[in-house]
Amino acid sequence: MLNKYPLWKTLMVAMIVALGALYALPNIYGEAPAVQVSGLRGVEANAATLDTIKAQLQQNNLTFDSIALENGQVLTRFKNTEDQLKARDVLDDSLGNKFSVALNLTPNTPDWLASIGGTPMKLGLDLSGGVSFLMEVNMQAAINKAQEGMVSDFRGDLRNEKIRYRSVKETKDAVQVIFRKVEDLEAGESLLKKRYRDLLLTTDEDKLTLTAKMTDQKLKEVREYALQQNITIIRNRVNELGVAEPLVQRQGQKHIVIELPGVQDTAKAKEILNATATIEFRLVDTEGDLSQALNGRIPANAILLTDKDGKPTLLKKRVMLTGDHITDAKSGFDEYSRPEVNISLDSAGGSKMSSGTKSNIGQPMATVFIEYKATDRKDAEGNIIFEKVEEIISVATIQARLGKSFRITGAGSASEAHNLALLLRAGALIAPITIVEERTVGPTLGAENVRLGFEAIMMGFGLVFIFMMIYYRAFGVVANLALGANLILIVGIMSMIPGATLTLPGMAGIVLTVGMAVDANVLIFERIREEIREGKTIQQSIHQGYEAAISTIVDANITTLIAALILFAIGTGPVKGFAVTLSIGILTSMFTSVVVSRSIVNVVWGGKRLDKISI
Amino acid sequence: MELFRLKNTVNFMSYRKIAMVFSALLMIASVVSLATNKLNFGLDFTGGTLIEVGFPQAADLEMLRGVMSENGFDDAKVQFYGSSRDVVIRLGLRDDVKAEMLGNEVLDILQNATGDAVDMRRIEFVGASVGDELAEQGGLAMLTALICILIYVAFRFEWRFAVGSVVALFHDVLLTLGLFSVLQLEFDLTVLAAILAVIGYSLNDTIVVSDRIRENFRKIRESNAEEIINISLTQTLSRTFITSITTLLVLAALFFQGGALIHGFATALLFGVFVGTYSSIYVASLVALSLGISKEDLIPEVIEKEGADQEAMMP
């Protein structure tokens with residue numbers, strides 16, 4: 001029979017729309033003010049932290065809706081922002097610098113909905129307010145640093161093998177070794193060739209020179225490492241900022257995108273991102289009297305530092321090694337499956353470490369983390385004052401004379417060892433980064449953008465709705481229902497895809513989709529009218545109208561999709577948001593205007609004897 | 001309701017000379033304007049710093065300009081943005097090391113000068129290298145879009161239609177760029193996005209028309225190409241206008257309701273949809289006709305079953 005879908009097909013279409021509606025649902029529940037407490041530098045929030053927070057809040061007569069420990073963070077929800085702000089101040093004071101306390105908005109999605117993965121759409125920074133930075137990694141510096149490493153490694157290797165050379169120096173993009181004799185040149189070449197497989201060696205026997213260049217593969221590794229390391233460091237620093245849901249992501253070959261929702265004080269954020277952190281190794285002062293030092297009588301050649309739990313230790317003033325000699329640090333397990341951190345140093349660091357530890361076997365050695373933290377104070381010229389914060393992150397006994405690579409055990413759990421490795425790597429920044437782009441949106445503008453975008457969508461939808469109803473009457477209603485289903489599906493899919501964010505241009509994309517989505521229905525309806533005019537029966541006309549229009553609709557939409565995908569590939573931030581909603585809108589509109597509208601038409605008019613139809 | 005109840009075929013192609021001259025003139029005017037006036041590139045492309053601030057009452061631009069030049073920002077452009085309470089201050093790129101701190105500095109200056117009455121709405125800083133890269137990428141994106149579409153249309157239809165639709169796209173993009181150049185409207189990333197959307201829209205229109213031309217070439221016997229194009233355009237005229245009306249309706253909503261940030265975007269699309277509608281009637285079919293499209297070119301393609309795509313789309 002013409003224009004009758006089998007029942008399963010109609011039900012399937014209804015189910016898809018219902019599913020879209022289900023996942024679009026979280027967006028209407030809104031968000032509740034919350035405070036998010038997460039650990040810093042390897043500390044994780046646990047049940048004890050949760051109890052502390054509870055006790056602190058009750059002490060200060062602050063009521064909260066709920067409190068929960070999730071993924072090492074404690075999330076407390078409040079009734080209103082007033083309580084939220086008070087709680088933030090209370091917790092910031094009492095939890096100190098071991099935790100970061102951030103304001104957050106958490107969705108009010110009911111549990112049953114959240115348990116099936118229902119979340120509201122993520123809003124872009126132009127709607128939520130906040131700042132985004134684009135940082136560029138100075139790759140030339142990374143390559144120079146790698147070459148510097150090569151120079152000192154070559155010197156060490158040649159000296160160890162007793163091969164005499166005149167000089168080892170960096171040229172523009174290579175390292176050049178000049179020898180005194182041809183025999184030395186040959187011996188040097190065979191030694192270096194064996195040791196460094198990722199270098200291209202060329203020799204010139206007349207000039208007695210050997211030139212070592214990094215292979216493309218090695219250069220790529222150096223760049224990749226510099227980028228990854230910077231991302232790790234920035235993640236660490238961003239956590240210090242106390243921002244809920246920050247985003248740190250690589251973009252292309254040398255850029256890093258940082259998004260900090262809700263941050264208004266961008267000056268502070270920038271200072272922190274540009275701040276430096278480093279590592280030092282010092283011997284523990286075992287002769288000094290700790291209790292006397294605690295009373296203020298610190299020996300002249302010692303300093304008093306504490307670890308993250310506040311336990312004080314007396315350290316020798318002389319620094320054994322600074323963190324810029326660290327080339328790599330990895331966490332792993334030793335032969336007794338205890339967590340350990342493996343550290344690699346450059347040659348200069350290796351020899352320093354070697355001479356420093358030679359006479360101190362059996363002595364404890366401390367690893368100190370140093371960081372310059374931005375404070376709220378400013379100096380006379382308005383620059384933010386930085387405070388030097390030193391903290392002991394581990395104390396370990398020197399088991400043997402240490403060299404270029406060694407390991408630290410006793411750093412605690414596996415995850416703490418992992419964090420220590422991360423911090424050690426962070427201590428030696430190989431390539432400086434600069435901010436090349438910044439976009440800050442204030443909270444008032446963000447809220448205004450949401451309102452304007454929403455109003456534009458509603459107004460556009462309303463105008464099209466009225467127009468279609470007047471122009472196509474009953475079929476106009478069908479098109480409008482399809483359009484409504486389209487909006488629901490766009491919102492549902494946007495909420496389901498984790499990476500999709502709604503931006504102001506994205507909202508414009510939805511508006512545009514509303515206008516263009518009815519096109520498919522216009523095509524179909526015009527075709528139906530034509531067929532009726534040609535004298536076909538109503539049922540035949542409906543059938544023909546849909547059948548004939550489909551290939552046109554698909555062709556027309558695929559080309560728009562091509563444009564949208566290209567936009568997605570090159571766009572960033574808000575523009576990418578536009579490409580996302582446009583692409584989703586094109587796909588859903590094809591489904592709703594062809595399949596959903598057909599289902600409705602079939603259910604209402606299908607299989608009946610009709611002499612007239614309202615189109 | 002029906003707006004176009006056309007009994008007879010409209011002889012669109014009889015106006016083709018006028019249309020050709022009209023389009024050619026507009027395109028030349030656009031090229032001339034682009035060459036002389038250039039585009040008023042926004043911050044995204046030029047690099048620099050932009051600070052948008054809100055005031056409780058109408059702002060005094062002269063006072064703000066004075067404050068800015070007193071503090072050594074002689075090159076600052078101070079303008080209203082959207083309303084008289086919104087002010088945008090633009091600064092060019094500087095060689096200062098701390099270029100990224102400029103926005104915060106200016107905000108401090110303004111807050112001091114006005115006694116904290118200003119509300120920070122937005123700060124944007126774009127470094128020189130980023131802008132250059134973006135301009136390059138943007139141009140590349142438009143080119144890639146045109147080439148991909150050319151390939152797709154050539155594959156789905158026939159090369160004459162492909163050339164016709166790409167010429168139409170080029171026409172639409174050029175005229176939209178021309179409009180932005182003549183009126184010196186700011187050309188930023190969202191406008192670039194809008195132009196890519198115009199490409200999508202205009203193509204949508206062109207394909208619907210081309211599709212009907214192809215269908216009629218197969219269906220109607222003994223008719224010359226011009227006649228068939230006229231018939232096809234008449235048949236699709238109603239749809240072309242209704243879709244343009246609904247799209248223009250939503251764009252008007254966006255233009256009047258979307259706020260100042262979206263203005264450029266909405267303007268580009270409003271104009272683009274307008275010329276897109278015109279070009280799908282005149283430019284695309286005219287080019288295909290001039291290239292000598294004929295019945296024979298389209299007949300062997302019948303292998304494809306009409307509506308074959310529908311099965312694949314069903315859930």
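Note that Cβ sites are derived from N, Cα and C of the backbone, with glycine treated the same way.
These features come from TrEMBL:
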- A:2-103: domain 'SecD export protein N-terminal TM' (DOMAIN)
- A:227-285: domain 'Protein translocase subunit SecDF P1' (DOMAIN)
- A:306-431: domain 'SecDF P1 head subdomain' (DOMAIN)
- A:434-602: domain 'Protein export membrane protein SecD/SecF C-terminal' (DOMAIN)
- A:452-471: transmembrane segment (TRANSMEM)
- A:478-497: transmembrane segment (TRANSMEM)
- A:503-525: transmembrane segment (TRANSMEM)
- A:546-570: transmembrane segment (TRANSMEM)
- A:582-605: transmembrane segment (TRANSMEM)
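Scored by C-beta pairs under 8 angstroms, the transmembrane segment (A:503-525) has its highest count with A:582-605, from the stretches A:478-497, A:546-570, A:582-605.
Across the domain 'SecD export protein N-terminal TM' (A:2-103), the DSSP tally of helix, strand and coil residues reads 53 helix, 24 strand, 25 coil.
Secondary structure counts, DSSP: the domain 'Protein translocase subunit SecDF P1' (A:227-285) has 23 helix, 20 strand, 16 coil. Against the transmembrane segment (A:582-605), stretch A:478-497 has more CB pairs under 8 A than any other of A:452-471, A:478-497, A:546-570. Counting same-chain residues at least six beyond the ends of the transmembrane segment (A:546-570), those with a Cβ under 8 angstroms from any Cβ of the stretch are 516, 519-520, 523-524, 527, 576, 578-580, 582-583, 586-587, 589-590, 593-594, 598.
Summarising model confidence by region, the domain 'SecD export protein N-terminal TM' (A:2-103) averages a pLDDT of 84.
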